[in-house]
Amino acid sequence: CAGEENWVDSRTIYVGHREPPPGAEAYIPQRFPDNRIVSSKYTFWNFIPKNLFEQFRRIANFYFLIIFLVQLIIDTPTSPVTSGLPLMFVITVTAIKQGYEDWLRHKADNAINHCPVHFIQHGKLVRKQSRKLRVGDIVMVKEDEKFPCDLIFLSSSRGDGTCFVTTTGLDGESSQKTYYAVQDTKAFHNEQEIDALHATIECEQPQPDLYKFVGRINVYHDRNEPIARPLGSENLLLRGATLKNTEKIFGVAIYTGMETKMALNYQSKSQKRSAVEKSMNVFLVVYLCILVSKALINTVLKYAWQSEPFRDEPWYNQKTEPERKRNLFLLAFTDFLAFMVLFNYIIPVSMYVTVEMQKFLGSYFIAWDEEMFDEATGEGPLVNTSDLNEELGQIEYVFTDKTGTLTENNMEFVECCIEGHVYIPHVICNGQILHDSTGIDMIDSSPGDSGKEREELFFRALCLCHTVQVKDDDSVDGLKKNQVARRPCIYISSSPDEVALVEGIQRLGYTYLRLKDNYMEILNRENNIEKFELLEVFSFDSVRRRMSVIVKSSTGDIFLFCKGADSSIFPRVKEGKIDQIRSRVERNAVEGLRTLCVAYKKLTEEEYSNVQELLQNAKLALRDREKKLAEVYEKIERDFILLGATAVEDRLQEKAADTIEALQKAGIKVWVLTGDKMETAAATCYACKLFRRNTQILELTTKKIEEQSLHDVLFDLNKTVIRQNGSLTRDTFSG
């Protein structure tokens with residue numbers, strides 16, 4: 001962005017380690033780590049001191065060490081061996097157990113660090129070990145392979161410069177996400193073209209947020225000024241993710257090894273302590289206090305008894321002259337320590353041996369458990385650290401996502417409402433389902449001419465306002481129109497809702513065919529192919545709760561289509577049948593269906609030029625890019641004409657209700673987290689038995705964040721409870 005100063009905390013990367021052409025900014029060399037991943041805690045050299053330090057941080061081990069040293073230093077009634085041997089046994093067993101577990105981590109790290117990766121060097125494909133990869137290297141990744149580091153996506157085998165990725169290993173999401181290659185490099189399909197690329201990448205320093213990335217790429221053509229393109233999270237392929245449904249991709253390494261987002265999200269390698277161990281430490285402190293007081297009382301009683309004549313020196317145990325001259329306080333302290341040693345059996349060292357052995361062997365019993373074996377993946381449970389085995393039996397709270405966890409994440413289009421008219425894909429007529437029907441009007445008579453126009457706009461909006469990709473798009477060429485109509489499309493999207501909507505509209509007569517050369521093709525009811533140029537995509541985000549596209553029709557009209565949550569769309573609408581559509585949305589939400597509203601507006605060429613300029617400036621910003629883009633979206637996404645709404649069903653997983661019921665009977669508190677409408681969430685909670693008919697529901701909701709904060713709602717509730725305090729018992733009030 002012209003005139004914008006560079007980041008203070010940023011990095012500049014030369015793609016393929018090529019020096020920039022003359023005229024480019026001076027290069028300040030930066031050192032980056034190699035691509036080795038280290039998840040282990042110890043090395044061969046630091047194992048003994050580090051492990052001993054961690055073990056003696058335990059109160060019990062430290063206590064036995066002190067007792068052992070006391071026995072060595074002073075004349076005690078018991079041998080030092082009685083404390084030393086058990087302590088050595090505990091320390092050795094624990095060290096062997098932790099050393100073995102860490103050796104397994106080393107083994108796993110070596111397997112990852114030595115796995116082969118395809119690099120491009122001097123226009124040729126070279127195979128090297130993953131650990132030798134450096135920032136700036138250009139890498140080729142094939143289908144079903146994991147990305148070896150964090151890469152900027154340069155080009156793919158797909159003509160439209162996209163690729164599909166699953167991030168199950170990062171965030172647990174099983175759906176395929178679409179990523180986009182850099183505009184100026186997506187046409188490079190072989191090693192020679194990629195190797196000839198002259199470009200620099202400016203980006204932020206590594207940070208752990210998986211969904212945030214800000215940068216820009218400067219592509220140099222000959223000696224001309226570089227072309228700057230914005231880079232966002234949609235261009236960043238993360239280590240740990242897997243390439244799907246794409247033959248191969250080329251990318252340039254920007255974060256490697258322990259700087260990758262996956263590595264930055266690793267939990268701390270410090271020793272984890274279970275609740276049992278923490279409670280044992282508490283009891284240990286109590287017993288230590290008892291032991292100290294016992295030794296103190298006995299020391300006082302000894303000197304009280306010896307204060308009488310002749311008791312201090314019986315005839316059979318006369319003191320020597322040096323003993324008579326010893327300091328009384330030093331003698332008393334030595335006696336106190338002797339009593340400590342004498343009574344130290346109050347804290348059983350054998351218990352710690354038993355607990356360590358039980359944890360170590362218990363981890364094998366977990367791994368051998370046949371009921372925890374998953375036949376679908378062919379994998380059983382894996383115990384990474386045996387220190388936490390017993391924690392599994394002490395879980396008090398379960399937090400669960402709704403979509404894809406309680407539900408199947410397999411969406412099915414149920415109906416759409418356009419201008420108050422309801423359309424259902426499968427119409428029942430005389431008890432038979434008419435699959436090829438174009439819908440039915442459930443509320444009123446058929447729509448008039450203006451209604452027909454809105455209906456077609458609604459179907460076009462749903463065919464165009466999405467990020468869905470067609471898997472077999474290459475086979476469209478050369479097909480006749482009627483073949484295209486009958487041809488089954490396999491849609492792929494990171495959001496199953498979008499796939500359900502596109503498939504649902506296909507059953508109502510409009511088919512989305514593909515995106516080719518930035519033109520979206522749809523097949524209408526008359527079997528004619530309509531082409532729309534895709535000008536801009538405003539991606540969905542959880543704050544705006546909507547997404548928009550700007551498209552240009554073959555007649556030159558520019559449309560902005562928007563779909564999103566009703567709370568996000570209705571305040572931005574200036575006309576349309578709002579009341580009828582709102583009532584239908586609320587009815588569907590109460591039935592547990594996922595609802596979306598669809599709206600549009602027409603733009604003039606001049607308005608679009610202004611929009612384009614605002615967007616370009618915001619996209620190239622390095623500082624506060626997200627905030628600037630949000631401000632631009634807010635300016636553009638307003639004054640809509642409401643078209644209608646959709647309803648999609650996401651069925652509950654089999655036995656989800658029985659599982660929640662069993663967890664609640666076990667005394668575990670279950671929390672469901674969801675971004676749905678309140679009515680949809682409540683309907684799902686009743687269906688999965690989280691709520692019962694007699695459940696008293698406490699609603700803490702605000703319609704608009706600007707008007708009333710959650711703090712105010714809680715404050716009002718508190719006043720209500722205090723007002724009703726007279727009629728409440730103490731137990732109910734505290735509850």
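Glycine too: its Cβ is placed from the backbone N, Cα and C atoms.
Where the annotation comes from TrEMBL, it is an automatic prediction and has not been curated.
Among the features that TrEMBL reports, domain 'P-type ATPase N-terminal' is placed at 29-83. Sorting the domain 'P-type ATPase N-terminal' (29-83) by DSSP state (H, G, I as helix; E, B as strand; all else coil) yields 27 helix, 0 strand, 28 coil.
Taken from TrEMBL, the feature transmembrane segment covers 56-74 (among others).
The domain 'P-type ATPase A' annotation in TrEMBL covers 117-177. Predicted-model confidence for the domain 'P-type ATPase A' (117-177) is 87, expressed as mean pLDDT.
Among the features that TrEMBL reports, transmembrane segment is placed at 282-305 (among others). Within its own chain, the transmembrane segment (282-305) has Cβ neighbours under 8 Å at 59-60, 63, 311, 332, 335-337, 339-340, 343-344, 346-347, counting only residues six or more beyond its boundaries.
Annotation comment: TrEMBL describes 328-347 (among others) as transmembrane segment. Here the transmembrane segment (328-347) has long-range neighbours at 60, 63-64, 67, 70-71, 74-78, 83, 284, 287-288, 290-292, 294-296, 298-299, 302-303, meaning same-chain residues at least 6 beyond its ends whose C-beta is under 8 angstroms from one of its own.
Per TrEMBL, the feature ATP binding site maps to D401, K402, T403, E498, F540, K563, R594, T674, G675, D676. Close to R594 (ATP binding site) in the fold, though at least 6 residues off in sequence, lie M411, D497, A647, V648, E649, D650, D676, T680, each with a CB less than 8 Å from its CB.
Sequence annotations record features per position, and here TrEMBL assigns Mg(2+) binding site to D401, T403. All chains included, 20 other C-beta atoms sit within 10 angstroms of the C-beta of T403 (ATP binding site).
According to TrEMBL, the feature active site, 4-aspartylphosphate intermediate maps to D401.
Long-range contacts of the coiled coil (601-635) within the same chain, counting only residues at least 6 positions beyond its ends with a Cβ under 8 Å from a Cβ of the stretch, are 1, 4, 6-7, 10, 202, 204, 212, 214-216, 228, 230, 232, 535-536, 538, 543-544, 548, 550, 557-560, 641. What TrEMBL records for 601-635 is coiled coil.
Sequence-distant contacts of G675 (ATP binding site), defined by Cβ-Cβ distance under 8 angstroms and a gap of at least six in the same chain, are S542, R545.
Counting Cβ atoms from all protein chains shown, D401 (ATP binding site) has 15 others lying within 10 Å of its own Cβ.
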